[in-house]
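S.K.: Sending over a structure as structure tokens; questions will come in a sec.
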Amino acid sequence: MLRATLKSLLARKVRLVLSGLAVVLGVMFVAGSFVLTDTLSRSFDSIFSDVYSQTDVTVAGKAKVEIDELDGEPVPSNIPQSAITTVSALPGVAQARGVIAADGATMIGSNGKAVGSFGPPQLGENWMGENELTQLREGRGPTADDEIAVNVGLATAGKVKVGDQVGVLTLDAKQRMFTIVGTFGYSGDRDSLGGVNEVAFTEPVAQRLMLGEPGVFSSIDVRATDGTSPEALKQQVASALGADYTVRTGTEAAADDAQGLKSALGFFNNILLGFAGVALFVGIFLIINTFSIVVAQRTKELALLRAIGAGRRQVIGSVLTEAVIVGTIASVIGLGAGIGVGALLAFLASKFSGGLALAGLGVPPIAIIASFVVGLVVTVIAAVMPALRASRIPPIAAMADVATPDRPLTKITWIGGVLTAIALALLGVGLYADGGIMLVAGGVLLTFIGVALLTPVLSRPVVGLLGRIFSWSVPGKLGRLNSGRNPRRTAITAAALMVGIALVTGVGVIVSSAKTSIAGAVESVDAQLIIQGTQTGPRAPTFAPAVVDQAKAVPGVRDVVGVASDLATVDGEQQFVTSVTDAAPIPGIYGSTAVAGSISSQGPDQVIVNADAAKEHNWSVGSVLTVQLTRGAEHRYTVSGIAPTDKSIGEIMLPAAAMAEFTQPALSLGFVRLDEGTAVASVQPKIEALVADNPLVSVIDQDTFTQQQSGMLDQVLVMIQILLALAILIAVLGIINTLALSVMERTRELGLLRAIGLGRAATMRMITVEAVVISVFGALLGVVVGTGLGAAVVRALRDEGFTDLTLPWSTIVLYLGVAALVGVVAAILPSIRAARLNVLGAIAHE
Amino acid sequence: MEAAGRTVLVRPDHDLFTRGNQVTASDPVAARADDVWKVYGSGEAEVIALRGVSVTFQRGVFTAIMGPSGSGKSTLMHCLAGLDSVTRGEVHIGETRVTGLGDAGLTKLRRDKVGFIFQQFNLLPTLSAKENILLPLSIAGRKPDDAWFDTVIKTVALQDRLGHRPAQLSGGQQQRVACARALVARPEVIFADEPTGNLDSKSGADVLGFLRDSVKTYGQTIVMVTHDPVAASYADRVIFLADGAVVDELHSPTPDMVLDRMKKLDAPAEVTR
Ligand SMILES: Nc1ncnc2c1ncn2[C@@H]1O[C@H](COP(=O)(O)OP(=O)(O)OP(=O)(O)O)[C@@H](O)[C@H]1O
Ligand SMILES: [Mg+2]
């Protein structure tokens, strides 16, 4: 029996290649993500152990605001000189030095553009001289206040050299000019540690620009005397300094810091795995179809086996064995390809992050395990249904032509309907009753399965209707009839395409609705000019609060409001907070009226919250909020007004004075309201001149602002489209596969058609029509389901600012067009095959 | 896997009437139909394919079933072999009551007691002739008996074709492989539905000769449906069906005798149609 299975598998290897390919692609995605993240995380490990290689114990101030890993880095409190003196005096301490190193030093390169990316930090630090890790390559360290040294990675990226004058942006919102007096690299001839850019100032300059205070440090680097263990030293330092400080050994600090990046990588990995999951889900459809068709084609063979004594379980076993073999082979190939892809992506990541030294390529055990589990489970699950069907083939089918009657679709339609209903219920609870993302995801998944089961019933009328477009020619008519011939097969093939298209359409609906909502929101604001930075790193570019006053003085300007934002701890919870230069103009600019209290004035101890936040936290006018900002002590603010949610600047708006204690004590956004009748173009250059000292900050009109926001959303959409392309590619493979198998199945029939005079070109046209009908049907389903899902999400997010529901018609039409094209492409190989049929051979074919 | 629990085989010697699966050699009946009715469809589309057929097939006898097209020959055979269920009546194979058996029972029946030869699609195209012949045994997880296998192969004259795929064999050779396959498992009874329907007279004669020999020499029981009077003349006994009922019977037939009976049957059958 096993031998019969193997032989039959070998004889049909071509047919199984395509279904195997679907698994290969999915597994490749899975293995690739694991290999990529593993390689990167080991590379980070080695960087951090290098960074702390000179450190026995490191001391940092406790952060005042705890921040979730995914929202950003917590900013530690500054350490006064006195703490260093205390540590230095301890026995066992050989040396204690104050270190200044903070993210947010952006150098402007020789082309006038900021150097850096969203990835690795841009550190501004004090020059501490050379050591085993840091080595000067050229020049010397900075000694004067207008001198800096930069690492070679940064110098190369910014195309600057020793002796050049460059601008650097720091906490101080203006660009400051410095002379580069030296460049440095790291042991092992490295130009950068993991792509981190470093700008080294003199100590006082670093304190002022990076920490915002003179005489303070971000950490203390402690070296033990010979014979003192880092552990023992850590205990000593910790007890000497007390609870306000975090004291760690160098090894612990390296592990901790690496862990932060690793959890970000883990998150990234999960996103990739999510997309891999989608691809595999689509793959399941493809495999189900392949196995079903193979089983259908083997009906006689299986019936013969049953007639000569094979039991049901043996038939099931034979189909499942086949699945296990296909799954195993596909897993092996997928794992291999995944390792390749992972290595390639790691290489690209290191290239684009400016030279992350990659730890050697590694294949973590989880990659291997996941590959095989996923590959095998997916294939076997997909083969279960066809295997059961195979076992129900009656032995009598081996005799002549016992037509297996078309099983009625009632049952599967019922199941599909019930599943869809459950899916909608899940979605409803998940979206509208805040049931959580898992419910939504489950609902979406179930929707796909439910609709897939409804597809056979839908396929009859819809395919009939679609096919009518092609019915003017005989081959077109034959193609249409063929695609309606086996509703289940057509349905599964189309459903596979539906999943990918539905997801891109859904995201498309959300994105286009977000765009119109933004445009609407922007237009409703009575601010003709917006001052805003182009973010190129983890920190938003800022401008000085003084700019607001200067802008107000420009003729034609009626009002200006500047906004700063940060994360803070409010009543013990992490919250986004804003601080505005002046609350008075806001109602005028937004056209808003207070929900309660007053929103047009704000005392130094008062806070204005929006209606949503007030509802969520039970705040009302008079409530007192305890707020801890990045710097300074805790403050208590009394709620003085509640603003309407869609017309407020943030949920929690602190008074202007609070800004000084923000991570970046400067403005990141400004609204300029002009006098009625003033031409925007006449004012714009004058305001631009005010922020000219920061090349990253620009003054734009409403249209440009909307376009910029849309542009960012479009980027997200494109990324999602790229990641979902794999799922769509697998669906295309499915169409090719179904057609190829149908062509083989209909060899006799095709031979007959050819014998009675159907030409080659006409044969090819017939197959192409069949393919186009199937793929357009799938895309139609996808567009409908995707639009529904997207609209549901948009409606659920109405309170979050999704005021408009806009369907991306042009993209939808594009998807349908692409689907038709996909059909044509998918038909190429099968139709060539059909056209090449030897007429005599086909008729004699047994 | 389902081989477990099967009765241990009697050591085969190749004498007449001695076969492995036989429970009691004294029981002379290999298969039996008692008042078998078969109705397809219902209402308007109702077709009565068999109307109370009762017939007994003796062990070691080669029986041919004849009758006009649509008279119910194939249906009777399918019902006898347990491939199809009967609407009324009972079917026995050897001691086993086929009627009412579940899928597992029917599978065991096909595996151990019944062999088939079809008109076409008898062989798995992917397996060699030898593998096809041994397939029933490997499905049942049984070891082939080498001596018996050689005997069978010699009888069907396939010694030098064993490695070939069905596609590389002529139609006659393919049918001989199918015969060998049916025989190698030593079933209680072999059912053949027009085994020579697709063959020329020379190849057909080869196959029929082989079937007759296996009855004469090894005591095999064979039930064969055929349209061909010459083919029927190879049998020991011919049963005539018309309109779903047994209407006549011949022993030790010659082609002429068969043709004669057929003519009589055909005439009224044409009229009724
Ligand atoms: N699955 C079925 N459903 C409905 N009617 C059937 C079915 N199978 C056979 N019949 C009918 O039963 C009757 C007997 O058919 P059967 O196949 O047994 O005839 P036959 O004698 O083998 O004919 P032939 O010599 O043409 O093979 C015919 O009228 C046929 O139409
Ligand atoms: Mg028949």
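Heads up, the Cβ atoms here are built off N, Cα and C, so glycines get one too.
From TrEMBL, here are the annotated features:
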type	residues	note
TRANSMEM	A:16-36	transmembrane segment
DOMAIN	A:18-239	domain 'MacB-like periplasmic core'
TRANSMEM	A:271-295	transmembrane segment
DOMAIN	A:275-395	domain 'ABC3 transporter permease C-terminal'
TRANSMEM	A:315-346	transmembrane segment
TRANSMEM	A:366-388	transmembrane segment
TRANSMEM	A:409-431	transmembrane segment
TRANSMEM	A:437-458	transmembrane segment
TRANSMEM	A:490-511	transmembrane segment
DOMAIN	A:490-690	domain 'MacB-like periplasmic core'
TRANSMEM	A:716-743	transmembrane segment
DOMAIN	A:722-838	domain 'ABC3 transporter permease C-terminal'
TRANSMEM	A:764-789	transmembrane segment
TRANSMEM	A:809-829	transmembrane segment
S.K.: Per DSSP, what is the residue tally for the domain 'ABC3 transporter permease C-terminal' (A:722-838) in helix, strand and coil?
M.R.: 101 helix, 0 strand, 16 coil
S.K.: Return the stretch with the most CB pairs under 8 A relative to the transmembrane segment (A:490-511), choosing among A:16-36, A:366-388, A:716-743, A:764-789, A:809-829.
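M.R.: Answer, by Cβ pair count: A:764-789.
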S.K.: Can you check how the pLDDT averages out over the domain 'MacB-like periplasmic core' (A:18-239)?
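M.R.: It averages 85.
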S.K.: Sort out the residues at least 6 away from either end of the transmembrane segment (A:437-458), same chain, that have Cβ-Cβ distances under 8 Å to it, and list them.
M.R.: 281, 285, 409, 412-413, 415-427, 429-431, 487-488, 490-492, 494-495, 498-499, 502, 781, 785, 789, 793
S.K.: Under a Cβ pair cut-off of under 8 Å, which of the recorded stretches A:16-36, A:409-431, A:764-789 contacts the transmembrane segment (A:366-388) most often?
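M.R.: Of the candidates A:16-36, A:409-431, A:764-789, A:16-36 scores highest.
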S.K.: What counts of helix, strand and coil residues does DSSP assign across the domain 'ABC3 transporter permease C-terminal' (A:275-395)?
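M.R.: Per DSSP, the residues of the domain 'ABC3 transporter permease C-terminal' (A:275-395) fall into 101 helix, 0 strand, 20 coil.
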